Amino acid sequence: MSNSQTLVVKLGTSVLTGGSRRLNRAHIVELVRQCAQQHAAGHRIVIVTSGAIAAGREHLGYPELPATIASKQLLAAVGQSRLIQLWEQLFSIYGIHVGQMLLTRADMEDRERFLNARDTLTALLDNRIVPVINENDAVATAEIKVGDNDNLSALAAILAGADKLLLLTDQQGLFTADPRNNPQAELIQDVYGIDDTLRAIAGDSVSGLGTGGMGTKLQAADVAGRAGIETVIAAGSKPGVINDVIEGLPVGTRFHPQQTPLENRKRWIFGAPPAGEITVDEGAQSAILERGSSLLPKGIKSVTGNFSRGEVIRIRNLEGRDIAHGVSRYNSDALRRIAGHHSQQIDAILGYEYGPVAVHRDDMITQ
C-alpha cells in the first residue's frame, strides 16, 4: 500500500507484566491483536520486547529479584525462550510468522555486524514476518544495568528505516513532574526538541522487574529523532494505542523529528569523508543518474583505496567526474575481485555474498 508505515513497538517489562510478577498474557494478547490488525492493513511491524528476566523468574518460581548480574542473566537465558514462544503462539493465531533477533550494543557499534543485522531485519520485513527483537541479556552486562532496551528500540527503528517508534510504558507519557507523587503534573503532548530542562523532569521507573525509566526513553527519542524518526511515549494499557499511533491521533507524548529520514541520510552520506572511490563505465553511469538504479559489480572498472564494507565511497565516471557518493556493501578487496562480473558470479568468486549490488540505490546520493 502506498501509505504503508514501518512502526517499531517497544514493550517494557511494566507493560508486559501489568505491574505484577508475572507476564500479563491477556494484555499481551490485546497488543498482538492491534499489531496483527495493522499488519493486515499493510503496515510493517517490529516488536522490541523486554520481559525475559520476568519470564524466567515466573517459569522457575523465583520469589525475589536476584541482586547479581549473573543471576539476572540466568533468568534471562531461561526466560528468553519462553518469551519468544509466547510471541510466536499469539501471532500465529493471525497467521503471522515471527523471527527472533537477539542483539547487544556491540552489534550496533561494529559496522559489519550492523549491516548484517540491517539485512536480516529488512529480509524479515520484506517477507511479511514480524521481527521480535530483544537484548541478548544472557551475555550482555552493561545493557542489563542501564535498561538499554529503550535505546535498543531506537537503534532497531534506524535499522528498520522506521517511520515511527512507539515506546509503551506504564505511564501516559512524559509529564511536567512525576504524576505518581505530584497531582499538579501535566502531560506534555508535543516535544519539538530535547533540552536539559526536559531531561531534568524525566523521572525513573519504579518497576522492580524492569531496568528502564523515563530517562532512557528520552534518550531513545533523541536518538530516533536525529535519524528523522517520530517517537511516541504512551501507556500500553490505553485501548487502541497502536492503532492511534499509526493513524497519527493524539496520544501520549509525541516527539517530532527535526528532519526526515532521507534528509538525515543525505546529510550523513555527503558529510562522511569518502574512504575510497570506484570508477564506473558509461552503462553504470546512465543507470545511476538517469534511472536511479543501484550500482552492480558489472559496471565497475576500477577500485581505489582500502575501505571496509559499510563505508562511504566516491563513485566517478570514466572522465573522473564525481557522479555519486554511496555506502559500499563490499570491502575494497572484494570489489576488486568482482568488478566487471555479473552479480550471479559473486558467490562463486568470493565464497559469500551480501546481495547482488555493490552500492544500493537507497544508500546512494547522486551529485
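Including glycine, each Cβ sits where the backbone N, Cα and C put it.
Keep in mind that what you see is a predicted model, and the values were worked out from it rather than measured.
As recorded in Swiss-Prot, the features of this protein are as follows:
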{"type": "BINDING", "residues": "Lys10, Thr169, Asp170, Thr211, Gly212, Gly213, Met214, Gly215, Thr216, Lys217", "note": "ATP binding site"}
{"type": "BINDING", "residues": "Ser50, Asp137, Asn149", "note": "substrate binding site"}
{"type": "DOMAIN", "residues": "275-353", "note": "domain 'PUA'"}
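Summarised as a single figure, the pLDDT of the domain 'PUA' (275-353) averages 95.
Each of the binding-site residues Ser50, Thr216 was scored by the other Cβ atoms within 10 Å of its Cβ; the lowest score goes to Thr216. When secondary structure is read from DSSP and collapsed to three states, Lys10 (ATP binding site) falls in the strand class.
Its Cβ placed at the centre, Asp170 (ATP binding site) has 19 other Cβ atoms within 10 Å. There are 29 other Cβ atoms within 10 Å of the Cβ belonging to Asn149 (substrate binding site).
In this view, Met214 (ATP binding site) is surrounded by 23 other Cβ atoms within 10 Å of its Cβ, with every protein chain counted.
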